[in-house]
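Below is one structure, written out as structure tokens; comments come after it.
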């Protein structure tokens, strides 16, 4: 077959003369070549042997190589994209300190723990847990005090919402009421949402809710502070209704004093409550005049106490 493939049919005069004697010229010239080659050159040649052009072999091999290279390149591209996606995810998830993770998880667990609020023993554990969360938050925001800088450290942490939370939680050890847990719950809700945004990279309904809470953080904190003032007023009236005690009112009030003195947002909350109190109680003409005077005296006394300290 190799001899046939290398034979120069175009330069052979006998073969060219043979072609001239053929009329009309057959369309299958390769078959004519094979018969002529067997009759005139190589009697052992098998005319039925398939002939494959070396150039065709090379071309086919090149096509296979190109196809294989294309598949290899596509596979490498997919692997590179997967690796890049994994690296992006790894970069998107920041390294979070262990104490911050503990703080965030405890804030999340705080809410199912509220279900056991009406069990007095478990209520105490809930309050201890809340204090621990606040201490972790103070450490996250301000760290530990440095030597000879305790006074500066105290002035910094006393302005934190978490610090005044601790004073407020002290009053909760004597009150088994869900309403008094609302300020702490609102604050931890904001913290839990911010923690969830840090650790969650998948879009979903929970992430959207968390981002909504984070976007309205200031309004939620302001609502928390307004509720704290409402609860103080409730504790004062509750003394006469035997729902609260003087000790509880004093503890809540000292928390309001600290926040009013050091927290600008608390002063804004005081302004909202002043308008509400006047509209609903001290200046509400639907109430008897004597009762309105009592409400007015209570509020003036409350504001007087705030300015004395």
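Cβ atoms are placed via backbone N, Cα and C, with glycine included.
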(request) State the residue range annotated as transmembrane segment by TrEMBL; the candidates are 203-230, 231-258. (result) 231-258
(request) Sort out the residues at least 6 away from either end of the transmembrane segment (125-141), same chain, that have Cβ-Cβ distances under 8 Å to it, and list them. (result) 97, 99-100, 102-103, 106-107, 110, 113-114, 116-117, 157, 160, 162-163, 165-166, 169, 172-173, 184, 188, 191
